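Listed features, source TrEMBL:
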{"type": "ACT_SITE", "residues": "Glu147", "note": "active site"}
{"type": "BINDING", "residues": "His146, His150, His156", "note": "Zn(2+) binding site"}
{"type": "DOMAIN", "residues": "56-250", "note": "domain 'Peptidase M12A'"}
{"type": "DOMAIN", "residues": "257-424", "note": "domain 'MAM'"}
{"type": "DOMAIN", "residues": "422-545", "note": "domain 'MATH'"}
{"type": "TRANSMEM", "residues": "604-626", "note": "transmembrane segment"}
Amino acid sequence: MTVLLLPTYSHVRLLLSLTDYDVDGGRDLDIFDINEEAGLNLVEGDIVLDERQTRNSIIGDEYRWPTTIPYYMEDDLEINAKGVILKAFEQYRLKSCIDFKPWSGEANYISIFKGSGCFSSVGNRHVGKQRLSIGTNCDRIATIEHEFLHALGFWHEQSRADRDDYVKIMWDRISEGKEHNFNTYDDTTSSSLGVPYDYSSMMHYSKNAFRNGTEPTIVTKIPAFSDVIGQRMEFSDSDLLKLHRLYNCTQGSTFLDSCDFERENICGMVQGQGDKADWVRVAKAAGGPDTDYSNLGKCTGSGYFMHFSTGTANTGDTALLESRLLYPIRGYQCLQFFYYNSAGASDTLKIYVREYDKANPNGKLRFIKTIDGSPQELWQLHHVSLDAKTKFRVVFEGTKVGSGSSAGGLSLDDINLSETTCPEFIWRVKNFSHVMDNTPANTAIYSPPFTSKEGYTFQMKLYPNGTEGYPGELSAYANLVAREGDTGQKWPCPWKQMTMMLMDQNPHIQKRMSNQRSVTTDPNMKASGSDQFFWDDPRKVGVEVTDVDGSKYFRGPGYGTAVYITHLRAKSRDFIKGGDAIFLHAGDNSYCRREVGLILPVSVHVYVFVCYACMYACVCVCVCVCMQRSVDQCSIDTVMTTGHHNYTKWSRL
Ligand SMILES: [Ca+2]
Ligand SMILES: [Ca+2]
Ligand SMILES: [Zn+2]
């Protein structure tokens, strides 16, 4: 039969298209599951004790680290783990005064390696090289944050002296020989730092820890918290409060400002001078919105936002709203805010920075971007990358451009500014509770494809009601996408990390407990039972699909997890607001870009600093140039703010 001997192109594609890969093997592996399977028998599952340490050791001054912790990443770490470790460090920097710097000879440092599981010692043991293991399946941000909280001096939440007031340990349901994992510490030796018991701590066991059967080992005294304990998303408020108290933190090192406009002082923001109109703090606006964003869906009408009424302004009027003075350290920022546009179609919102230096003591406006988009009846999330290097303010400029009358205006709420990079892509899923409840199991929805800075196109595949066998879960996979005619990419795709984040829409960026998973493309990985490279060109290993606009493209196999987050957790906190969920994506791999620094010239000697950042195989090398009289005047700290794992010293050019 000639038809079979000469299959069409689509037949070939069908035969070769690869199936999805689950990084967890379809299981929600907590730290303790991973370590148990690895055959480890550590104290409380993931704590390493040294000889000098008894279980009751006091976490006092001598066990504390300096607030900037020297670290070293050992070569055997998985590449995805390295990227996630850097992301975990970024959360510490955003939410606490704890910072990390690559080890450069300090007496004590944390050496991160790939052991058989996830574990750490508690506190600074003063042993020189103190090891912390991020093994297979430990490459989740909360797992890494959890192990570093141990290293910083914290025990598990349910080992507090007062835990019996809050949870009941079901001793007869604990696996034989594992009972010691449920010991407590006396309150004369372990301090809870004046913070109430926290069911939502990321240092709490889950209800099923070390069980021998199917019944929970930990029963919360308040039943509603039964499925809250064991969260592995992000630091809870109390986790951060304890960290702040132990380390005398005053603020996050990369955090700059946050405002939800709930207080009349509008967080120290000011009305610009010399414009014709003002922004006004209101609870609702003619023409919309009827409610602010911070309190959307909670206490209707109770919240406030800033509004520039283009309905009442004259054509050509502008209104400036300026942040308080801010002092950058890194020199790059991410501004994010919610924006409701009920103005005329041609009215604009523009973002500027007002920068202050010797030549401009009163500040000089620099245009950053115009916020696009026609009026829409919803609050929309926007991100704007800034690059302020000196003292500055962020400036929102509203302009009534159109001459026609319009009822509404421009509105702002929940502004956050931090010295971090912005996510690259926003995917908003409307009516998300409904989508979760009404999508059949094993049915996927897809984000629009998005192309990262380096030219690869990604897509998130989401199963709102889980893949086969995972009802009540969200399953999430990253896919590569290519279009006919795409050129310039290298296949199989080498070492690109994609992060899929379900955003906790808490108004304050430091209180967000977003849920995220990152995966990295390994160009050497073969699909199981196949000679095909998993991350090869989607035109070769994927399937052809038709986009909503009728255009066609090819989608490669998915790589992710069936157990991204449970429905129960997705319906908690502010993951869904105004009915909608927001996924943030980053096809992120270049930590270099932000590191390149130039220390300003003073004199004749030129020194260069070479660092190998992020992923080895990306071969992204950054060079920092320092022109100073002596090498001692070249500061490593100023250029090493996000942390490299490997670098060479300053040397003469
Ligand atoms: Ca508000
Ligand atoms: Ca004004
Ligand atoms: Zn632990």
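Just so it is clear, glycine is given a Cβ too, placed from its N, Cα and C backbone atoms.
Just so you know, TrEMBL annotations never went through curation; they're auto-generated.
The shown structure was predicted, so the numbers you read here are calculated from the model rather than taken from an experiment.
A distance of 10 Å separates the Cα atom of His156 (Zn(2+) binding site) from that of Glu147 (active site). Other than His146, His150, His156, the residues of this chain whose Cβ falls within 8 Å of the Cβ centroid of the Zn(2+) site are, in sequence order, Ile31, Glu44, Asp46, Ile47, Ser120, Glu147, Leu149, Phe154, Trp155, Met202, Met203. Each residue in the domain 'MATH' (422-545) gets a DSSP state, and the totals come to 14 helix, 43 strand, 67 coil.
Ranking the binding-site residues His146, His150, His156 by how many other Cβ atoms lie within 10 angstroms of each Cβ puts His150 at the bottom. Counting only same-chain residues at least 6 apart in sequence, those with a Cβ under 8 Å from the Cβ of Glu147 (active site) are Ile31, Asp46, Cys118, Phe119, Ser120, Leu132, Ser133, Ile134, Cys138.
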